[in-house]
Structure formats: structure tokens, C-alpha cells
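Trainee: Encoded as C-alpha cells, here's the structure I'll be asking about.
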Amino acid sequence: MKPSIYSLTRDELIEWAVERGQKQFRATQIWDWLYKKRVQSFEEMTNISKDFVSILNDSFCVNPLKQRVVQESADGTVKYLFELPDGMLIETVLMRQHYGHSVCVTTQVGCNIGCTFCASGLIKKQRDLNSGEITAQIMLVQKYFDDRKQGERVSHVVVMGIGEPFDNYKNVMCFLRVINDDNGLAIGARHITVSTSGLAHKIRDFANEGVQVNLAVSLHAPNNDLRSSIMRVNRSFPLEKLFSAIEYYIEKTNRRVTFEYIMLNEVNDSIKQAQELADLTKTIRKLSYVNLIPYNPVSEHDQYSRSPKERVLAFYDVLKKNGVNCVVRQEHGTDIDAACGQLRSKTMKKDREKVTATK
């Protein structure tokens, strides 16, 4: 199976081309065709010799993904189900915001983190995506915009889809460098957010990268007992380790950390728990932000339900009174399979039923 050329950073592409007897500018031309003209085949690169196009075709594919399902919401949210070269399925979401167009990308096939409320973890991790497969998600959404010919572009990226990004650290970092490259898609680092469930050692590594990319942490509970019961990762990285790493990140980068907090009815949404959360984040209040997220129910996790609006607002009020920077997240795509992993899970179930029916 040939790798996608999207797996290479610009420097790596230059090195690869020079090793094959090409001038550096040839790699720059190829990069422009990929990320500025956004061609889908090497044959479309009209200023590249046929001999070198043949070498490119022997070495790489361009976009490795195949579109399986597209769902479009009344609010303009678009959910894509893509098939990988090995037949596995991943999800990508386009969200139209007042500030631009944001894309949520997947980094793994399945997830091993084991959050008990999440659709993504219904199927255990089968493999990491390579950086080309992650970048290809952005390129296909941008192609959707290009085909519409309305001058739209992907302006923001959130690495919050299926999988734990920091469990696929090397490929995620390569992806970030490709989409941030000023000579390509040029998506600003401060318009990119990577979300982790709390791999403390990788948060420290991320702090040392020197990138201006935003960091979000999936917190979802204000104490170790509750967090360990709903997020298995907390047993390896309890709040003490997690917050030590977060404090290191803030000290090293002077950048704000966003805490994601899904509101689960009568699980983590009490007034007492709101006060615990305010106390937990007290020492980093100036450089932290809490995002309260309405829960998208998942049929396989029917022990959980969405917090009623009045409980969310009461929780929010406690945080605000304690000086916590916080917001209730705007919902997108509520009329489609909005929860991360739902569309993939449903499609895989249908595929299995078709196979069974033909036997």
C-alpha cells in the first residue's frame, strides 16, 4: 500500500526530491500543486515531467480516503464518513462558525481510552492514522469548498475526533506542521486546537515543541474518584499528575488551556461539583477556560443522559461567581449523528447486517 504524499512535510518533500536528482524548486512546485491548486492526481501537475510524475506515482498516492457517507445538518454542519485504504472507517466533521469554518479530525481507528460515556470508544483502537490520512481529511473538506466555488476555506482545525491524539503523537505533530505551513494551507497555529484525555507525559512533550497550537484537556470530573470511574485514563494519570503537567505547559508556553467538561445529568453536574471544579482550577485561573458541553446521548451508554438546562446554568453560575472563565458550548449537527463515533458505529453495524443477510 503506497503512502500518501500528504504524509511529508515540505522539508521532507524537498529532501525526497533532491535524493532523486531533482532541484529543490521541483519539490516546491509539487507542494504548490498539492496545497494551493489542490489537485487530486500527479498527472494534473502540468509543469512536472512525465518521468518524474511516473516516479511520484510509483512512490505515493495523493488522497488515500474514499467518501462513504455524508450527512448535512440544517445548521450547515457536515459529517463525513471516510473509508481508509484497508477498509476501516473514520469520521470527520465540518462546523460552520461565526468566525470561520472549523473541521474536527480523527487520529485513530477506534480508541483505547475507555471513557464510559463516549461513542468513540465503543470499538477499541485498531490502528493509528498516519499523518497523510489525517491531512487528507482536511483536504477533502477543502475540496468540498473548492467545488462550491464560493471562496470558502478551512480556517480552523480541532483535533478532537475519534482517538486520543497524544497516543499517536508523532503523526499528529507531522499533520500539524503540514497544515500550518505558510506555503501551503497556512492554517494559523492559534486556529488549531489539540484535545487530550490527559496523557500527562505527552502534555509535557507538547509544551516543549515550541508550537503556538492550542491545548484542550478532556476533564469531565472535578475529583479523582469520579474521573477514574468514568475515564479509565485517570487511573494512570490522576489529577495531581495531570495538573502538574498542565502547570508545566502554562509555565513553558504562557498559553491558555481549555478544559472540556461534558454535562452528565446527576453524575458530574451538581453545585458541589461545580465548586470542586472552581477550586481545582484556582491556581491556573488566569490561563484556563472551561467549556461546558451538552451531552449527545449514545444508545450504548444509556446510563447517561443530558443535564437539563437549569442544572447546566446553575453549574455555570457557580463557576462564574468563582471567577472561572467559562462558556456553554454551542451545539452543532443535533439533527444528524452528532456524537463522535456514532455515524461510524451505525454504518459498521449496517455493513455487518448486509454481510449476514447474504450468507
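Just so it is clear, glycine is given a Cβ too, placed from its N, Cα and C backbone atoms.
Features from Swiss-Prot:
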ACT_SITE  E91  active site, proton acceptor
DOMAIN    97-329  domain 'Radical SAM core'
DISULFID  C104-C340  disulfide bond
BINDING   C111, C115, C118  [4Fe-4S] cluster binding site
BINDING   G163, E164, S195, S218, L219, H220, N296  S-adenosyl-L-methionine binding site
ACT_SITE  C340  active site, S-methylcysteine intermediate
Trainee: Tell me the coarse DSSP state (helix, strand, coil) of C111 ([4Fe-4S] cluster binding site).
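Mentor: It is coil.
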Trainee: Cβ-Cβ under 8 Å from H220 (S-adenosyl-L-methionine binding site), same chain, 6 or more residues apart: which ones?
Mentor: C115, F117, R227, I230, M231, E260, Y261, I262, L264, N268
Trainee: Go through C104, C111, C115, C118, L219, the listed recorded positions, and name the one with the sparsest Cβ surroundings, counting other Cβ atoms within 10 Å.
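Mentor: Each of the recorded positions C104, C111, C115, C118, L219 was scored; lowest Cβ tally within 10 Å is C115.
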Trainee: Around the C-beta of S218 (S-adenosyl-L-methionine binding site), how many further C-beta atoms are within 10 angstroms, looking at every protein chain?
Mentor: 22
Trainee: Which of the recorded positions E91, C104, C111, C118 has its Cα closest in space to the Cα of G163 (S-adenosyl-L-methionine binding site)?
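Mentor: Sorting the recorded positions by distance from G163 (S-adenosyl-L-methionine binding site), the top entry is C111.
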Trainee: Give the distance between the Cα atoms of C111 ([4Fe-4S] cluster binding site) and E164 (S-adenosyl-L-methionine binding site), rounded to the nearest whole Å.
Mentor: 7
Trainee: In Å, rounded, how far does the Cα of S195 (S-adenosyl-L-methionine binding site) sit from the Cα of E91 (active site, proton acceptor)?
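Mentor: Spelling it out, the Cα of S195 (S-adenosyl-L-methionine binding site) and the Cα of E91 (active site, proton acceptor) are 16 Å apart.
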Trainee: Which ones, of the recorded positions E91, S218, N296, have a Cα no more than 10 Å from the Cα of C118 ([4Fe-4S] cluster binding site)?
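Mentor: The recorded positions passing the 10 Å Cα test are N296.
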Trainee: Using a 10 Å radius around its CB, how many other CB atoms surround S195 (S-adenosyl-L-methionine binding site)?
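Mentor: Its Cβ shell of radius 10 Å holds 19 other Cβ atoms.
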